[in-house]
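If you look up TrEMBL, you'll see 101-285 marked as domain 'Protein export membrane protein SecD/SecF C-terminal'. For 12-29, 130-148, 160-179, 185-204, 231-251, 263-286, the entry in TrEMBL reads transmembrane segment.
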């Protein structure tokens, strides 16, 4: 395999995927929908749980909400196996909330509003800060660990670059498919970080084991050989995990699907970055005399 020799092609593919995500974000932002589909857990807003009592017309419910609140894209989540539905939208005052409840009951006589709650902007701001802190702490800890384990800051740096690559493509997935950014977003990012770094460490370990088999001027051959030796393990692990998460996506409720879809993308991207990006970046960071 000539992974290192073809690194520019792999870098270009990654750049295109990331740019597609940015284009999607700017496009949605220009339409007034927000660059990402932020859930009320991150932006603050109003959440309602309603027992519709029977099957209902999704579009009709959307029209009722728009008529009362003027909001075009509330989040409507059906609870599988029941007639219950969860609504999440931008904050509305108590009068508008009462008007909305009455309008829903008028349009759907069997409907019963079970609960209504507000998420303040302060709480959502704290969640955003916690998500950023968790990601940064994880990245810094992994940078230190890998740099010490492999006695090379370039190894740590290349692993972190691969992780950032994975995060950006997963965020692009959220932007393109308009997946709600909520608590599961934090879980997805941290899970993918752990999954991807594990696959990268396996390859870097093999690079270290092959160190004495190649001269200092054969780093490209050494990295390619190490990737080839661990390729079956990387693919088998990724395929097994992908189908497991895929099964969860197929049979899961909407909230589970919102977790499983970006996870499936992250699994594919994590395997791709560990095989095609991390080693290539490590080689790129080496001084010219060692290439």
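Cβ atoms here come from the backbone N, Cα and C positions, even for glycine.
Automatic prediction, not curation, is the source of TrEMBL annotations.
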Dominant neighbour of the transmembrane segment (263-286) in 12-29, 130-148, 160-179, 185-204, by Cβ pairs under 8 Å: 185-204
Long-range environment of the transmembrane segment (12-29) - Cβ separation under 8 angstroms, sequence gap at least 6: 35-36, 165, 168-169, 171-173, 175-176, 178, 273, 277
